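Over in TrEMBL, the protein carries these features:
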{"type": "BINDING", "residues": "Lys136, Gln199, Gly231, Asp262, Lys405", "note": "UTP binding site"}
{"type": "BINDING", "residues": "His232", "note": "substrate binding site"}
Amino acid sequence: MRTSTLRCLVLIVGLSKELPSNSNKMAQFQEVMRQQLESSMHAELEKLVGTAKGAEAKVSKKDFEGFRKLFHRFLQVKGPSVEWSKINRPPEDSIQPYDKIKAKGLPHYIADSLNKLVVVKLNGGLGTSMGCKGPKSLISVRNENTFLDLTVQQIEHLNKTYNADVPLVLMNSFNTDEDTKKILQKYTHHRVKIHTFNQSRYPRINKESLLPVAKDMAMTGENADVWYPPGHGDIYASFYNSGLLERLIAEGKEYIFVSNIDNLGATVDLYILNHLVSQPNGKRCEFIMEVTDKTRADVKGGTLIQYDGKLRLLEIAQVPKAHVDEFKSVTKFKIFNTNNLWISLSAIKRLQEQNAMDMEIIVNPKTLDGDLNVIQLETAVGAAIKCFDNALGINVPRSRFLPVKTTSDLLLVMSNLYSLEAGSLTMSERREFPTTPHVKLGSSFTKVQEYLTRFESIPDMLELDHLTVSGDVTFGKHVSLKGTVIIIANHGDRIDIPAGSMLENKIVSGNLRILDH
């Protein structure tokens, strides 16, 4: 099909999403157009699979089945996926306070419950936003330990303490799989069984033609940017397709605890686990989402709502434009999703086999080299909450949400605000406030390597409330920061904070240069 014809089709599909039509003829015409788009996509995918060989062809065929379903739904969707008037606050008992869960205590046989658990870490991301090559999980975050090191240490500690057998499963992407597998050899003698599976590889779609940009299945050269991992909602299909889900069920595993590998607060919580396994059979909870109180820094985070009688995750991308400010309000929507999830393995198997896993599509626009506009269709793992029986939210302490997305976050977790024990970070008892300081490092600190050269040692931050640093700034050894500290080096100037300095409620600007003589 020629590009000009496809432009027409795209325009009509776009119009059909915006203009309600009473005409049967228009509806039929739109349906014909959609079918032609699907048919063209199907033909292109068949061509792509034809360029693959052996095992790759088999895997790609499975991946493309999922992609075709997603593309079909993308063409069907009209307007926002929620009607604002139908949104209700979740019933009181559908989001439990963590203290209530903890008050139940732990039985002496908690090791039995641990033996039913699998820890799954979402390990598909690269460290590019922090200026690093390779998997983000391999960035050093504390005492030369990487995210992956800390995860392995946590689970090994659990297994040794309770004489349990909790395995670790990593969901890799085609971006992270090879490097991660090389590193796994170093954990051979740890008391943790480690499994991996790959999430799907989907083709990026030309925004104009709505056809794949890729010409063959290669991932190098011209094809380096034409593939993408389709978001963590892909975990259900990929886990099932890998055969690993079936294998773990056969080994007696019942639940997975899923979290982002860069969330250092996402450790196995025995009280939540006990709550899961202690439910009576008829009321077994198949899905728990850990939520926490929203602050002004979290206004874009997804929240839980009641919709059509079900607990549902509402993401900012689903909100009609007129209601975005309302969504961001910390008074109406008081909690947000941490992406720490506890999910029944048998329920995932059932929903996959019934083709009943329904997640809203996230349309993510990107611009490739040469100014080519593409879209990628993604889903979020938490969006499936509405598909599971007796789903529940638990309002957990903020300490269970400690993501490291930027070097500003890295500074917090490397500092004396936290102590490290058996792979777990806990807030120092010497910190008088339960909240972490607000840290904002400027563009000179964005890349990890440059950030590290700017600190001879990490400052004492126990009494810090707020830190803003902008421009060419370096810190000497044993600097102490308290209260609100703002350091701004103007363009062309440089500020060296001398070793042993104590800055309390100070603004430092201009040019402060300490030179050796």
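Please read every residue number as a count from 1 along the shown chain.
Heads up, the Cβ atoms here are built off N, Cα and C, so glycines get one too.
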Largest CA-to-CA spread of UTP binders Lys136, Gln199, Gly231, Asp262, Lys405, angstrom | 21
For Lys136 (UTP binding site) and His232 (substrate binding site), what Cα-Cα distance in Å is obtained after rounding to a whole number?
-> 15
Could you tell me the C-alpha distance between Lys405 (UTP binding site) and the residue listed as 'substrate binding site' in angstrom, no decimals?
-> 16
Winner by Cβ contact number (other Cβ atoms within 10 Å) across the binding-site residues His232, Lys405 | His232
Any idea what the Cα distance is from Asp262 (UTP binding site) over to the residue listed as 'substrate binding site', rounded to a whole Å?
-> 14
Chain-internal residues, separated by at least six, CB under 8 A from Gly231 (UTP binding site) | Ile362, Glu378, Thr379, Ala380, Val381
For Gln199 (UTP binding site), write down the residues of its own chain that are at least 6 apart in sequence and whose Cβ falls under 8 Å from its Cβ; none is a fine answer.
-> Gly124, Met171, Asn172, Ser173, Pro229, Pro230, His232, Asp234, Ile235, Ser238
Provide the number of Cβ atoms within 10 Å of the Cβ of Asp262 (UTP binding site), excluding the reference atom itself.
-> 22
